[in-house]
Amino acid sequence: MEILCEDNISLSSIPNSLMQLGDGPRLYHNDFNSRDANTSEASNWTIDAENRTNLSCEGYLPPTCLSILHLQEKNWSALLTTVVIILTIAGNILVIMAVSLEKKLQNATNYFLMSLAIADMLLGFLVMPVSMLTILYGYRWPLPSKLCAIWIYLDVLFSTASIMHLCAISLDRYVAIQNPIHHSRFNSRTKAFLKIIAVWTISVGISMPIPVFGLQDDSKVFKEGSCLLADDNFVLIGSFVAFFIPLTIMVITYFLTIKSLQKEATLCVSDLSTRAKLASFSFLPQSSLSSEKLFQRSIHREPGSYAGRRTMQSISNEQKACKVLGIVFFLFVVMWCPFFITNIMAVICKESCNENVIGALLNVFVWIGYLSSAVNPLVYTLFNKTYRSAFSRYIQCQYKENRKPLQLILVNTIPALAYKSSQLQVGQKKNSQEDAEQTVDDCSMVTLGKQQSEENCTDNIETVNEKVSCV
């Protein structure tokens with residue numbers, strides 16, 4: 001059936017999904033120019049019975065017809081953005097649950113990652129759905145004008161908080177590598193939460209001018225009906241303060257951390273090789289009178305000793321953690337750099353650049369940046385066994401780890417065995433001390449007998465005494 005985009009047209013065969021557009025684009029408007037309606041170059045539409053629109057437009061296309069032409073494209077955009085929103089919210093909720101419930105994950109770095117997950121989750125709840133709504137309305141602001149400044153404020157706040165968290169993680173790990181004793185002494189849970197509060201305070205301070213000035217002057221947050229930052233000075237300064245400066249600090253400290261870990265690994269290997277050369281030593285144990293032989297015992301310390309393994313293991317764990325964080329840093333930089341670079345280009349080459357092209361690039365790049373909030377939980381799942389196990393249990397609604405029977409047996413029996421072994425060691429120590437005291441008494445008695453025999457034997461009688469060794 002053919003449908004003409006005119007005022008007096010009968011639209012009986014249009015699907016309900018096209019008729020119920022609400023306040024969005026309609027098939028016709030009252031202000032449609034009559035001369036355009038009377039023109040012979042009308043646009044023909046063919047709609048089949050399966051609610052699938054076959055568009056065959058001929059001649060002049062009024063704006064209302066163009067809006068329907070782009071309807072299918074908007075549906076695909078809405079579908080993709082919905083997938084990103086669901087992944088962002090669900091994945092970051094799993095991260096928050098894992099750090100809150102798993103004791104293995106409760107350390108300073110994972111507290112930062114949990115706070116980062118909170119920022120990403122709020123971005124998915126409060127910012128992304130509104131951004132998807134603007135796409136469906138042709139990047140026009142469909143909500144009350146006062147909410148525009150609030151929405152931009154939340155967008156800048158959570159995006160800035162993400163980069164600030166990554167910068168703080170990089171700095172914290174660098175300090176931990178450089179001063180491990182000082183860091184371990186003062187790196188309590190309270191200190192970690194104070195650092196997180198400082199990160200959020202900085203993020204709020206950077207983004208606060210947006211609602212302060214945007215609510216007073218709509219021209220700073222509106223441009224041609226679209227909700228976006230229109231103040232070039234704030235765009236330029238905010239991009240450097242909220243992204244490029246923290247990015248520089250994060251990259252420098254990360255590479256310094258990698259360099260320090262490599263240096264420590266080299267020193268540890270050389271130290272182990274030095275210990276291997278001085279691997280043997282001997283000592284003389286105590287002996288009783290019944291056994292006067294001297295025993296020698298040699299203990300050989302190999303490079304794989306417990307102390308060496310512990311040092312190498314700690315360095316290996318740090319390297320693995322830096323690898324995972326490096327992937328998170330890299331993905332964040334790759335996904336947000338195009339947006340901020342294009343944002344600065346829009347200010348610098350405002351006259352020479354094509355505004356339509358710049359605007360289209362910004363609309364695409366901002367969603368690529370949003371995608372970074374969804375990929376972090378995937379990175380944790382791929383590269384961290386504890387996160388992977390926790391996520392798998394949470395999806396199955398199992399919030400506590402189920403221990404196997406063998407683990408329960410070991411948990412119940414090992415403390416008793418340890419107690420018995422400690423009691424045995426204490427008994428052995430007491431017995432050895434009693435033997436040593438008895439040995440000393442025997443030695444003193446022998447010495448006293450020797451002295452008395454020497455006093456009584458004044459004649460030319462030679463007395464042969466046994467040599468007694470008490471070591």
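Here the Cβ of each residue, glycine as well, is placed from N, Cα and C on the backbone.
Residue density at Asp155 (serotonin binding site): 23 other Cβ atoms are found within 10 A of its Cβ, drawing on all protein chains shown. Annotated serotonin binding site per Swiss-Prot: Asp155, Asn343, in sequence order, evidence recorded as similarity to another entry.
Under the DSSP three-state reduction, Cys148 (disulfide bond) is assigned to helix. Swiss-Prot lists Cys148-Cys227 (among others) with the feature disulfide bond, giving sequence analysis as the kind of evidence.
In the three-state DSSP assignment, the secondary structure recorded for Cys353 (disulfide bond) is coil. The feature disulfide bond is assigned by Swiss-Prot to Cys349-Cys353 (among others), with sequence analysis given as support.
Under the heading N-linked glycosylation site, Swiss-Prot lists Asn8 (among others).
Per Swiss-Prot, N-linked glycosylation site is recorded for Asn38 (among others), and the stated evidence type is sequence analysis.
The N-linked glycosylation site annotation in Swiss-Prot covers Asn44 (among others) and rests on sequence analysis.
What Swiss-Prot lists as N-linked glycosylation site is Asn51 (among others), and the listing cites sequence analysis.
Here Swiss-Prot flags Asn54 (among others) as N-linked glycosylation site, drawing on sequence analysis.
The annotation phosphoserine is assigned in Swiss-Prot to Ser280.
According to Swiss-Prot, the topological domain 'Extracellular' annotation covers 1-80 (among others).
Averaged over the topological domain 'Extracellular' (138-146), the predicted model has a pLDDT of 90. Taken from Swiss-Prot, the feature topological domain 'Extracellular' covers 138-146 (among others).
Note on the topological domain 'Extracellular' (216-232): residues 134, 139-141, 145, 148-149, 151-152, 210, 238, 347, 350 of its chain, located 6 or more positions outside it, place their CB under 8 angstroms from a CB of the stretch. Under the heading topological domain 'Extracellular', Swiss-Prot lists 216-232 (among others).
The annotation topological domain 'Extracellular' is assigned in Swiss-Prot to 349-356 (among others).
According to Swiss-Prot, the feature transmembrane segment maps to 81-97 (among others), an assignment based on similarity to another entry.
Summarising the annotation, Swiss-Prot assigns transmembrane segment to 112-137 (among others).
The transmembrane segment annotation in Swiss-Prot covers 147-171 (among others) and is backed by similarity to another entry.
Among residues of the same chain six or more beyond the transmembrane segment (112-137), those with a C-beta under 8 A of the stretch's C-beta atoms are 24, 74, 77-78, 81-82, 84-85, 88-89, 92-93, 95-96, 99-100, 143, 151, 154-155, 158-159, 161-162, 165-166, 168-169, 172, 192, 195-196, 199-200, 226-227, 363, 366-367, 370, 373-374, 376-377, 380. Look at Asn343 (serotonin binding site): DSSP puts it in a helix.
The helix, strand and coil residue counts that DSSP assigns across the topological domain 'Extracellular' (216-232) are 4 helix, 4 strand, 9 coil. Just going by CB pairs under 8 A, the stretch in 147-171, 233-258, 323-348, 357-382 that sits most against the transmembrane segment (192-215) is 147-171.
The recorded positions examined here are Cys227, Asn343, Cys349, Cys353; by Cβ neighbour count within 10 Å, the least packed of them is Cys349. Residues 81, 84, 87-88, 91-92, 94-95, 113, 116-117, 119-120, 123-124, 127-128, 131, 135, 139, 159, 162, 324, 327-328, 331-332, 335-336, 338-339, 342-343, 345-346, 388, 391 of the same chain sit 6 or more residues outside the transmembrane segment (357-382) yet have a Cβ under 8 Å from a Cβ within it.
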